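**Q** Input: one structure, supplied below.
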Amino acid sequence: MPLDIEELLRKKKAADTAAAKPRFIPKAERERLAAEKAKKEEDDKKRKASEEEQKRKEEEQKWRSNGSSRPNESNGSGRVPTGPRSMNDGRDDRERDRDRDQGRGRVRGKDRKGDKQGVGADKQSAEDIEATLLRSRYLGPQVNQQSNFSAKKKRMRTTEKKFNFEWDADEDTSRDNDPLYDRQTAVSHNGSFAGIGGEFDDGAEERARKRAKMIAQRDPENGKERAEGIMEDFFRARDKARQRADRRGLGKHWSEKSLDDMRERDWRIFKEDFGIATKGGMIPNPMRSWQESNLPQRLLNIVDDVGYKDPSPIQRAAIPIALQARDLIGVAVTGSGKTAAFLLPLLVYISDLPPLDEINKHDGPYALIMAPTRELVQQIETEARKFAGPLGFRVVSIVGGHQIEEQAYNLRDGAEIVVATPGRLLDCIERRLLVLSQCCYVIMDEADRMIDLGFEESVNKILDALPVTNEKPDTDEAENAQIMQRYLGGRDRYRQTMMYTATMPPLVERIAKKYLRRPAIVTIGNAGEAVDTVEQRVEFVSGEDRRKKRLQEILSSGNFGPPIIVFVNIKRNCDAVARDIKQMGWSAVTLHGSKTQEQREAALGSVRAGHTQVLVATDLAGRGIDVPDVSLVVNFNMATNIESYTHRIGRTGRAGKSGVAITFLGPEDHETMYDLKQILSKSSISKVPEELRRHEAAQSKPVRGAKKDKDEGSGKGNWQH
């Protein structure tokens with residue numbers, strides 16, 4: 001019966017449909033199929049492993065059969081007897097090859113030790129050959145038979161970029177290449193008792209005496225003389241070694257060396273010890289003591305009479321530079337002894353000038369010292385008279401607050417040194433009461449404060465009024481001490497200008513660039529930082545009443561004795577705080593800008609004499625005012641900027657003595673909190689309170705407002721105080 005196409009198509013379609021439908025397989029069926037599949041895979045693995053094992057055995061048998069045919073022919077034994085050659089014409093190729101192998105075997109047999117090792121040795125040789133061939137094919141030829149790997153030696157990775165500074169003794173190639181290392185011997189001769197590095201240790205002399213004693217005992221005739229020679233050689237060698245060590249700067253501290261033995265390394269250590277940093281060309285080394293200062297003996301006697309034992313860091317660095325007639329910029333923390341640092345070289349300078357007489361006394365002073373405040377001027381005048389008086393020099397101060405006629409009267413006999421504030425000095429020059437025709441020595445003390453108080457224009461006019469005939473050239477000659485110390489066609493000398501400041505704002509730098517010639521710059525410590533002798537304490541106390549109560553607790557604690565200075569920000573608070581302090585049982589005076597000059601002098605004199613216990617002041621007293629032995633400074637109001645704060649707390653801890661500064665902070669002081677935290681963190685004896693450390697305003701430097709920047713640029717600081 002023929003196949004029906006339609007039937008076939010129908011069956012195919014039904015089969016495809018059934019195949020497309022998901023088919024449910026019972027669990028037992030699935031487990032059976034999985035077991036059959038696993039068994040099939042296992043059988044395949046066993047079959048493949050068996051085939052590989054059989055193949056390996058066949059190859060091994062083949063190698064063994066090939067290897068066993070050689071030793072029987074090459075072990076030196078006799079050949080199997082054969083018939084005549086004519087009966088052996090039917091030898092196959094294998095027998096011919098065997099004869100050829102026999103000839104090679106005889107040659108190889110000559111190198112073998114004997115017949116007893118024949119079969120075993122040849123079988124091992126075949127295996128070795130096979131292993132060698134396999135190794136050579138897959139691993140390459142053997143080049144280095146001995147490994148130099150050391151587990152102790154650090155291995156560097158190819159990706160490791162860090163340089164290895166370690167050194168291993170095995171890396172020393174000099175012993176292989178330099179024959180000198182092969183002939184090392186222990187050198188022992190008379191006088192060689194030094195230790196490692198040629199230095200004589202504590203036991204060197206004892207070893208020398210033992211050796212001398214041993215030689216004296218062994219040689220009864222000449223031993224004693226030889227022993228004495230050994231000891232003489234030892235002492236001579238030790239002295240030379242010590243001198244050599246001293247010259248290298250390794251033997252003594254700089255304080256124990258003479259000036260001639262000081263090396264560059266010693267001067268570097270000396271400067272680090274005192275926090276001295278210098279900048280400029282041809283700067284001399286600092287002085288270590290007053291005796292090495294090159295000051296005249298009569299000045300040294302005055303220094304001794306005044307009671308200056310050891311020079312301060314600014315005096316050590318600035319005096320040698322100033323004695324070479326160099327222009328100088330001194331950047332030093334407040335209370336560092338700057339006054340004597342510029343007064344002593346000034347007196348040496350004018351000592352070489354002709355004395356004032358009836359003719360030249362009307363040409364003005366030889367030296368001019370400018371300071372920002374009246375109190376600082378009078379303080380410098382008092383200090384200058386201590387040194388200038390015994391030398392016969394006159395010192396006159398010119399400040400506001402006094403009658404100008406009185407100051408003109410003081411100048412009638414002339415003066416070698418004039419100390420003045422810029423405002424009153426310019427007034428005297430414009431009124432023709434004073435000329436500067438022969439002024440050749442100019443000092444600006446607290447130059448940054450003068451600019452803050454608005455004296456920039458006055459300072460420029462005063463400096464422009466100086467004679468130009470003795471002005472220094474702005475060349476390398478300004479750094480040459482010999483040229484600068486020459487006289488200019490008679491009695492004139494090059495003008496010397498010095499500037500002392502605690503900070504270097506741009507306006508001060510502009511004045512220095514205009515009027516100073518190639519100045520040497522001396523920095524003591526870090527500019528703008530407080531001295532390390534002041535312990536700074538900060539307390540968060542807001543509100544006037546709470547601050548007065550806290551001030552009373554501090555004063556009544558008994559930890560601080562008079563004199564004490566309390567700083568406030570505005571003038572009207574001075575009298576109020578002073579009145580409260582008086583109610584606490586303390587005597588108090590005030591000092592601010594509304595006081596007359598007589599009142600200012602009376603207030604300072606009362607505190608210095610010990611008649612008054614507490615001085616309440618504005619920032620007027622924050623700069624340069626020297627009240628001896630101030631034990632405590634209280635910032636009743638935090639200063640408006642960190643520079644004023646630095647100079648406020650600098651009223652204590654002066655002249656090497658210690659002091660305490662306590663500051664009351666409030667929410668209104670957020671602009672200074674960051675700088676205050678920085679200056680506290682740099683102090684070795686002060687701690688940053690946790691509240692200030694975590695305060696939001698202390699985390700980043702504040703952005704100054706436009707109005708404040710304008711005021712600072714105009715030079716109008718706190719002049720109203």
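Cβ coordinates come from backbone N, Cα and C, glycine included.
Sharing the features that Swiss-Prot gives for it:
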type     : residues : note
COMPBIAS : 26-63    : compositional bias 'Basic and acidic residues'
COMPBIAS : 64-77    : compositional bias 'Polar residues'
COMPBIAS : 88-104   : compositional bias 'Basic and acidic residues'
COMPBIAS : 688-698  : compositional bias 'Basic and acidic residues'
DOMAIN   : 319-522  : domain 'Helicase ATP-binding'
REGION   : 12-134   : region 'Disordered'
REGION   : 685-721  : region 'Disordered'
MOTIF    : 288-316  : motif 'Q motif'
MOTIF    : 445-448  : motif 'DEAD box'
**Q** Please compute the mean pLDDT of the model over the motif 'DEAD box' (445-448).
**A** 87
**Q** Short question: which residues 6 or more past the ends of the compositional bias 'Basic and acidic residues' (26-63) have a Cβ under 8 Å from it?
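**A** Apart from its flanks, the compositional bias 'Basic and acidic residues' (26-63) reaches 126, 130.
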**Q** Would you list the DSSP helix, strand and coil counts for the residues of the compositional bias 'Basic and acidic residues' (26-63)?
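**A** Split by secondary structure, the compositional bias 'Basic and acidic residues' (26-63) comes out as 37 helix, 0 strand, 1 coil.
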**Q** Using Cβ atoms and a strict cutoff of less than 8 Å, what residues sit near the compositional bias 'Basic and acidic residues' (688-698) while being 6 or more residues removed from its termini?
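**A** For the compositional bias 'Basic and acidic residues' (688-698), the sequence-distant neighbours (Cβ-Cβ under 8 Å, at least 6 residues beyond its ends) are 538-540, 665, 670-671, 673-674, 676-677, 680-681.
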**Q** How many of the residues that make up the motif 'Q motif' (288-316) does DSSP mark as helix, as strand and as coil?
**A** 17 helix, 0 strand, 12 coil
